């Protein structure tokens, strides 16, 4: 199983095209001379490229390899994850995006300072950086390792070519280059997966034959309504637990929020979130169909499974098997595979550079000139690119600990979601409660995640049935728990802590975010809840008054916890009018001087907004 010259050419074209896009945006337009252009594409993007970039960030190489092998081994039950996409994308579109966009943020964690304090902001930023630094080397190394094992392609040749090309176009072209390369890479991913499905289906004898073989072998799953949270997959864990996974990715994750903020208007940002929905369903369907076609093909043409040590290699073996007589198509699929990796890594570089610049450097050097800030942002992107290569090398030395590194990424997503939910939905929570809740959520996540990993390390596993792979359905804050699974036919009953560690990975994000919220609320109430008049009303979303809209106005007013009103212009709902009580309540309250200055800067920034939205301070009797 070796590449032809044409395959190498197609693979090289992807890398050259990606580099060319970065060079183009480095030499055209504003030439990346400001931080707004480098980090936020000058807030000039339309919804379609942003939507495809959001999709590309979600669809990593691990997912391209992992989902088909999941379907091959366990059937189509995983397909029900698509049910979670509905609320998982509607909630960000209606709640998170409008708040973030109207605050004119650059880093998601600026919100935490506006809502809580600088200490909470720093805690959130450091948690995110830890998460991404651990993860980005793994996401670069893992697909290269699988690819090397199947094709014999140079392991470090693949790692270095991807890492360096990604670093170049991210450093030169900024977010605009990242978004447009994501668009190209998304199209390549679709083309590669479609090629495999079409050729595989033809070799099996048609889609009817694929479905017939899958049905006869019980690979077409029904709806499993078992409410047991320890059941690996059920309708509830996929449809409900999946919502929390989606929220942690599309609601509060820096890489995704940064793309929303690059949109030319709030409407375009919301449209991009809507546009992702059908694309996500298509991606999930392609992954599941690939798994079914692979199963049907190998049912007819049995393979030597002893050659496969991890399930992620199965897809590549299948691709090389069915496409070996079609020069160019193996190269197309490899380009598809590495497009997933490139989109993930470039998003990591750009988002890490953004949070480091905005949250850790600018607050300490407020007089930093625009040109120096832009240069420093580029240096940071370059530095994180080189660090990624270093982490890829460390990943190569980790062995089985590599699974734990993947798990660490998933562990952090839930607690960060819980931290933002505390700020959005519970206006009485304070900074002490937020930090305590975040720490508690992280401790709980690491306890369950690492405890479960260690407890299963002693389990024996055969090459296919009991190998490690839970498909990664996202790249930044979604749950990626790679655990050792026993076969479905040999599952042993466990109790006590072992039972606790058996919690379905699909519930991890929900469990950990809920821990943050509960602990945060309790600690806030014990240490003195925040007064409503001290809360910036633009940083909260009051759920109860909206859900209980039928109550009398007096009752709904009590449910506001004293938070001042933000009236909306009848003629333009996007024109937010901040009341004088709200503005003065924040500036004359317990806010520190830096917070006062930032609030004034945000308000003045609204007036300069190029979206056509006007933000007016007026006196309103409440």
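These residue numbers are counts, starting from 1, taken along the chain as shown.
Glycine too: its Cβ is placed from the backbone N, Cα and C atoms.
Where the annotation comes from TrEMBL, it is an automatic prediction and has not been curated.
Annotated in TrEMBL:
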type	residues	note
TRANSMEM	6-27	transmembrane segment
TRANSMEM	47-67	transmembrane segment
TRANSMEM	79-101	transmembrane segment
TRANSMEM	122-147	transmembrane segment
TRANSMEM	153-172	transmembrane segment
TRANSMEM	179-202	transmembrane segment
TRANSMEM	234-252	transmembrane segment
TRANSMEM	273-298	transmembrane segment
TRANSMEM	332-355	transmembrane segment
TRANSMEM	375-394	transmembrane segment
TRANSMEM	406-426	transmembrane segment
TRANSMEM	432-454	transmembrane segment
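Within the chain, the transmembrane segment (332-355) has long-range Cβ neighbours (under 8 A, six or more residues past its boundaries) at 3, 7, 10-11, 13-14, 18, 39, 53, 56-57, 59-65, 106-109, 125, 128-129, 132-133, 135-136, 139-140, 143-144, 147, 151, 153, 158, 162-163, 165-167, 169-171, 174-175, 178, 181-182, 184-186, 188-189, 191-193, 195-196, 254-255, 258, 316, 319, 323, 377-378, 380-381, 384-385, 388, 475-476. The transmembrane segment (273-298) is in contact with the transmembrane segment (47-67), judged by 3+ CB-CB distances under 8 Å for residue pairs 6 or more apart in sequence.
Only sequence-distant pairs (6 or more apart) were considered; of these, fewer than three Cβ pairs between the transmembrane segment (375-394) and the transmembrane segment (79-101) are under 8 A, so the stretches are not in contact. Only sequence-distant pairs (6 or more apart) were considered; of these, at least three Cβ pairs between the transmembrane segment (122-147) and the transmembrane segment (47-67) are under 8 A, so the stretches are in contact.
Contact between the transmembrane segment (179-202) and the transmembrane segment (47-67) is present: at least three CB pairs lie under 8 Å, with pairs separated by 6 or more positions in sequence. Looking at 6-27, 47-67, 79-101, the range that has the most CB pairs within less than 8 A of the transmembrane segment (153-172) turns out to be 6-27.
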